[in-house]
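Per TrEMBL, the features are:
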type: DOMAIN; residues: 11-213; note: domain 'Phosphoribosyltransferase'
type: BINDING; residues: R84, R109, D136, P137, M138, L139, A140, T141, G142, N143, S144, D205; note: 5-phospho-alpha-D-ribose 1-diphosphate binding site
type: BINDING; residues: I199, G204, D205, A206; note: uracil binding site
Amino acid sequence: MSTATNNNVTVITHPLVQHKLTLMRRKDASTNSFRRLLGELSTLMAYEVTRDMPLQDIEIETPLETMTGKVIDGKKLVLVSILRAGNGFLDGMLNVVPGARVGHIGLYRDPATLQPVEYYFKMPSEMDERDIIVVDPMLATGNSASACVDRLKKLNPRSIKFVCLLAAPEGIATMQKAHPDVPIFTAAIDRELSDHGYILPGLGDAGDRIFGTK
């Protein structure tokens, strides 16, 4: 179940998604619980995000007869994690698309300017004409997401989607201005950003809560 808002943004409103997200938001959620819930949420969200993947017909043999079935068309899907918090999405999504390739991009946010600085970029070979799903739990300012998509578009993929748990209106606006062709999938659109660039009411620093750091 999902509700499309506007300008290529989809809020996934399935009851299980909303229930698990609320449990993750609680400040008393343990690292173990937070990590487990993120894995479960990413699996649930993967079904919605991959809903429109193209199919092709192939002929197969069942134990009883020959038939025409359907499989995903084109090259293997690529999941691109924005380090480090994006890694929390990977296991859950790979449960649904185990054949997907995985790429990583490292971006840290300059605390003074809130602008992204790239420090790592590693992708599968032959990225041209692949479908890419970029994963990062938080779409805050949108600067890191936009910089990631800028970089990926240079590889000539067939499509790019962006998936997050929470999105701030400011981050959505940044992405829509820079990349109006990239669909955004999120479990919730929160109220605003704090002066320090955190999503409010949010769930805190996703990376710290996934990995138990401060």
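Glycine is treated like the rest: Cβ placed from N, Cα and C.
Heads up, TrEMBL stuff is auto-annotated, nobody curated it.
Overlay of TrEMBL annotations on the structure.
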{"residue": "R84", "record": "5-phospho-alpha-D-ribose 1-diphosphate binding site", "DSSP (3 states)": "coil"}
{"residue": "D136", "record": "5-phospho-alpha-D-ribose 1-diphosphate binding site", "DSSP (3 states)": "coil"}
{"residue": "G142", "record": "5-phospho-alpha-D-ribose 1-diphosphate binding site", "DSSP (3 states)": "coil"}
{"residue": "I199", "record": "uracil binding site", "DSSP (3 states)": "strand"}
{"residue": "G204", "record": "uracil binding site", "DSSP (3 states)": "coil"}
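Note on proximity: among I199, G204, D205, A206, the binding-site residues of the record, the Cα nearest D136 (5-phospho-alpha-D-ribose 1-diphosphate binding site) is that of A206. Taking every pair among R84, R109, D136, P137, M138, L139, A140, T141, G142, N143, S144, D205, the residues recorded as binding 5-phospho-alpha-D-ribose 1-diphosphate, the greatest CA to CA distance is 17 Å. Taking the binding-site residues M138, A206 in turn and counting surrounding C-beta atoms within 10 angstroms, the largest count is reached at M138.
Same-chain residues with CB within 8 A of the center of the I199, G204, D205, A206 CB atoms, the uracil site residues themselves not counted, are P137, M138, L166, Y198, G202, L203, G207, D208, R209.
A Cα-Cα distance of 15 Å separates A206 (uracil binding site) from S144 (5-phospho-alpha-D-ribose 1-diphosphate binding site). Between the CA atoms of S144 (5-phospho-alpha-D-ribose 1-diphosphate binding site) and I199 (uracil binding site) there is a gap of 14 Å, rounded to the nearest whole number. Fewest Cβ neighbours within 10 Å among the binding-site residues D136, D205: that distinction goes to D205.
A distance of 9 Å separates the Cα atom of D205 (uracil binding site) from that of M138 (5-phospho-alpha-D-ribose 1-diphosphate binding site). With a cut-off of 8 Å between CB atoms and residues at least 6 apart in sequence, the same chain places K27, Y198 near G204 (uracil binding site), listed in sequence order.
If you take every residue in the domain 'Phosphoribosyltransferase' (11-213) and average the pLDDT, you get 93.
Distance between Cα atoms for G142 (5-phospho-alpha-D-ribose 1-diphosphate binding site) and I199 (uracil binding site): 11 Å, as a whole number. Here the Cβ of R84 (5-phospho-alpha-D-ribose 1-diphosphate binding site) has 17 other Cβ atoms within 10 Å, regardless of which shown protein chain they belong to. Calculated from their C-alpha atoms, the gap between I199 (uracil binding site) and A140 (5-phospho-alpha-D-ribose 1-diphosphate binding site) amounts to 6 Å. Taking a C-beta cut-off of under 8 Å and a sequence gap of six or more, A140 (5-phospho-alpha-D-ribose 1-diphosphate binding site) has these contacts in its own chain: A168, E170, G171, L193, G197, Y198, I199.
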